[in-house]
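Here is the structure we will look at.
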Protein chains: 2
Amino acid sequence: MKLHILGCTAATPRTLANPTAQVLETKRHMFLIDCGEGTQVQLRRQKLRFARINHIFISHLHGDHFFGLIGLISTFMLLGRTEDLHIFGPKGIKEIILLQLKLGNSYTAYKLYFHELESKETEVLFEDDRIKISTIPLAHRIYTNGFLFQEKETEYKLNIPVLEDLKIPVVYYPKLKQGGDIVVDDLIYRNADLTFGPLPQKSYAFCSDTKYYEAIVPIIANCTALYHESTFLEKDAALAAKTGHSTAKEAAKIAQLANAKQLILGHFSSRYNNTDWFKQEAITIFPAVTIAYDGLTIEF
Amino acid sequence: MKLHILGCTAATPRTLANPTAQVLETKRHMFLIDCGEGTQVQLRRQKLRFARINHIFISHLHGDHFFGLIGLISTFMLLGRTEDLHIFGPKGIKEIILLQLKLGNSYTAYKLYFHELESKETEVLFEDDRIKISTIPLAHRIYTNGFLFQEKETEYKLNIPVLEDLKIPVVYYPKLKQGGDIVVDDLIYRNADLTFGPLPQKSYAFCSDTKYYEAIVPIIANCTALYHESTFLEKDAALAAKTGHSTAKEAAKIAQLANAKQLILGHFSSRYNNTDWFKQEAITIFPAVTIAYDGLTIEF
């Protein structure tokens, strides 16, 4: 998985800081998560082949998370897109987009599918044989979801030299790939001796915007990477509570409780001049902290 | 009048080219004309004190002319604006903005007035003692207006040394300022001998998007500056006709017929690598041509 941060500032776009948008790239897919104003320009700036985006996930209907969506949809149209596009987001998003297309008399030649979300329980949004994507219900001022991207159990990797050495017939390979032991000519072979074991299952949890909310911990447990908003520092905890946001320390606490492998902090308020302060605060609780910035790419 | 070009590319925003938005600055006002995606960032980039904007004019509901409006309105809210904001634009714009504010549960603390336009005849939108703003009905694929900003007849400028020399009582000054002759002790004084005459009346006509449309000529006659779209070059005239746009030559023809003092060309299609081509084509018809670019400021 490769995560591209297109924007991670809170509230309003700035000259050098863009509102929330991320691309999660897998071998097969390019998922767009949130789409603040200017996202399409950020996609160009980072030279991402954004025609590959077929699924867009919108966390909530505050402007810094979706005002760029209508522009991206229009640009896809102007570029002659024909592939289906799936939009996952809170109820109401379909009305917003269709109203603007209607009043501009600008209909897309490609199919636009809206998957409107209302549930307060986690639900699966997308699934193929490689990945599963679910909502992470969050607690913000309005209805908000995070998104969990989980690789499925991958096949076990065969140790071909050993298998050939032992002259194991290839007919047994599928069972080995699924992790099973085999019996050949009354001899039992243990899977662990014939494979390198399964590749690690990776998962990415996007959690923005939300106040400190422990209910998400079981959903995101053991994730490879957690992006958690930290709009404020602890000294402004009262403001965080009032506005339904988190502090860096609270984000770190969630990462710790969830046993995340790494924490990426973002959605910084522009009141702070230095994003290192967020790291300094978070690492007192959780060690593996990365500070997001526009243009950052992280592989995991 | 000072015109700031924030964006002048057609269709989609690019890494280095923004969709349509302009600021017309007068002594008393800062008018925003169109508001493509990214306009608020362009306002910051050009260091314009955009809290001064109280009137926004939207030509039509194609995205490259208004997708930045909801973001600007939200940013005004987040910055604590209290001043009224007036939006002039095609019918439907109010529904688009209010729907998004409603779904985001984000209401403005300032008053937002929508002046929705439907008329196909020119109409006055704003007037004070210094300036009059009217629509210029255009011919595009959807309902579209240009906007004409006209300074009102200014007072005559008194030639104080001459007046004092002749010992003309100040009680006569108001009549002189209005351009009248005066009679003092049975002597007739001609206005022209006592004033420098009226200051020139300036006017700015914004015409985008539109096909070649001679009906606008009487409305914009003798304007100081005409911004006219030229999406295409003459070699693509068929495309211009099909899409309801103009070529550089057609824009120049309108400037010539209207006896404009200068022509500013913009709204260039990204298919052309060099905007100088538009100038080369236009000056064969009309001499005073300026090519718009993001960041250009023109005083007139």
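Numbers here mean position along the shown chain, with the first residue as 1.
The backbone N, Cα and C atoms fix where each Cβ goes, glycine too.
TrEMBL does not curate its annotations; it predicts them automatically.
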According to TrEMBL, which candidate in A:His115, A:His267 joins A:Asp64, A:His65, A:Asp209 at the Zn(2+) 2 site: A:His267
Extra residues within 8 Å (Cβ to Cβ centroid of A:Asp64, A:His65, A:Asp209, A:His267), Zn(2+) 2: A:Ala10, A:Ala11, A:Pro19, A:Thr20, A:Asp34, A:Gly36, A:Ser59, A:His60, A:His62, A:Ser208, A:Glu229
Interface-proximal binding-site residues, chain B, C-beta separation under 8 A, candidates A:His62, A:His65, A:His140, A:Asp209, A:His267: A:His62
Integer Cα-Cα distance in angstrom, A:Asp64 (active site, proton acceptor) to A:His267 (Zn(2+) 2 binding site): 10
Other same-chain residues whose Cβ falls within 8 Å of the Cβ centroid of A:His60, A:His62, A:His140, A:Asp209, the recorded Zn(2+) 1 site, in sequence order: A:Ser59, A:Leu61, A:His65, A:Leu138, A:Arg141, A:Ile142, A:Thr144, A:Ser208, A:Thr210, A:Gly244
A:His267 (Zn(2+) 2 binding site) and A:His62 (Zn(2+) 1 binding site), distance between Cα atoms, whole Å: 13
Least buried by Cβ count (within 10 Å) of the binding-site residues A:His60, A:His62, A:His65, A:His140, A:His267: A:His140
Cβ packing number for A:Asp64 (active site, proton acceptor), 10 Å threshold: 28
